[in-house]
Ligand SMILES: N[C@@H]1[C@@H](O)[C@H](O)[C@@H](COP(=O)(O)O)O[C@@H]1O
């Protein structure tokens, strides 16, 4: 696992957009797994500005969703499908056909989950999966004690996650669904490159447990330790509880530029 400490969220966005641009250069039809929440927004902004400047060709790029609320009406502005269309697909100028996600409004939720896992595999798998992290260490919506081998399935949100996400629902926790569909941890681990971005001191404890703690289902993001190509990018505030911060800084400073992320 590589840990990169950047000065701020914008620098994190920049470095990941650069890695996505390099991937699309090597593989123009790459499948990018995108995350929601506030943290990844600087990534999408940085990538869109490279596209506008003509530095990246996204005409064949594909994007896929990590997770989704269950039960929000189709087209609800806070469904993750709407968020990804608004924050990623439209700014990058992709066609809606380049986008795939699970159906959170399906009557048979488990069938929708199975169909999504099958669709990801049929698409050739995710090339780069961008992840945020919950304050409790969740990735996607895999809450603590999710099986490290889990596949896409329905989960119940913790009270803390519903409180954290209420800001997207006008501060009304009652409006935050209890149930979600999420790529499982086993599904996420199949992506060829995992890139987790964490910013702000509220994530410092979860980051330390992810990077320096044991691999444990109680900290779902610690599963990244099992992946052969995982990159964790943190700003200074999110890095404050990392004991190995001096080592991570020295390693990155000495890294040859050609190596990329
Ligand atoms: N399902 C999403 C996660 O994918 C995201 O990582 C997390 C943190 O969001 P934020 O980046 O806004 O802190 O929120 C939600 O729970």
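Note: Cβ is positioned from N, Cα and C throughout, glycine not excepted.
Here is what TrEMBL records for this protein:
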ACT_SITE  67  active site, proton acceptor
ACT_SITE  136  active site, for ring-opening step
ACT_SITE  138  active site, proton acceptor
ACT_SITE  143  active site, for ring-opening step
DOMAIN    11-225  domain 'Glucosamine/galactosamine-6-phosphate isomerase'
SITE      146  site 'Part of the allosteric site'
SITE      153  site 'Part of the allosteric site'
SITE      155  site 'Part of the allosteric site'
SITE      156  site 'Part of the allosteric site'
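Features per TrEMBL, on structure.
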{"residue": "67", "record": "active site, proton acceptor", "CB count, 10 Å": "22"}
{"residue": "136", "record": "active site, for ring-opening step", "CB count, 10 Å": "18"}
{"residue": "138", "record": "active site, proton acceptor", "CB count, 10 Å": "27"}
{"residue": "143", "record": "active site, for ring-opening step", "CB count, 10 Å": "22"}
{"residue": "146", "record": "site 'Part of the allosteric site'", "CB count, 10 Å": "22"}
{"residue": "153", "record": "site 'Part of the allosteric site'", "CB count, 10 Å": "20"}
{"residue": "155", "record": "site 'Part of the allosteric site'", "CB count, 10 Å": "21"}
{"residue": "156", "record": "site 'Part of the allosteric site'", "CB count, 10 Å": "13"}
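Only 67 of the recorded positions listed as 67, 146, 155, 156 bring a Cβ under 6 Å of any atom of ligand 1; the order follows the sequence. Residue 138 (active site, proton acceptor) has none of the recorded positions 67, 153, 155, 156 nearby, counting only those with a Cα within 10 angstroms of its own Cα. Here residue 67 (active site, proton acceptor) is positioned 10 angstrom away from residue 155 (site 'Part of the allosteric site'), judged by their C-alpha atoms. Rounded to a whole value, the Cα-Cα separation of residue 156 (site 'Part of the allosteric site') and residue 146 (site 'Part of the allosteric site') is 11 Å. Taking only the Cα positions, the spacing between residue 146 (site 'Part of the allosteric site') and residue 153 (site 'Part of the allosteric site') is 11 angstrom.
Here residue 136 (active site, for ring-opening step) is positioned 8 angstrom away from residue 143 (active site, for ring-opening step), judged by their C-alpha atoms. Secondary structure at residue 153 (site 'Part of the allosteric site'), as computed by DSSP, is strand. Cα to Cα, residue 136 (active site, for ring-opening step) and residue 153 (site 'Part of the allosteric site') are separated by 19 Å.
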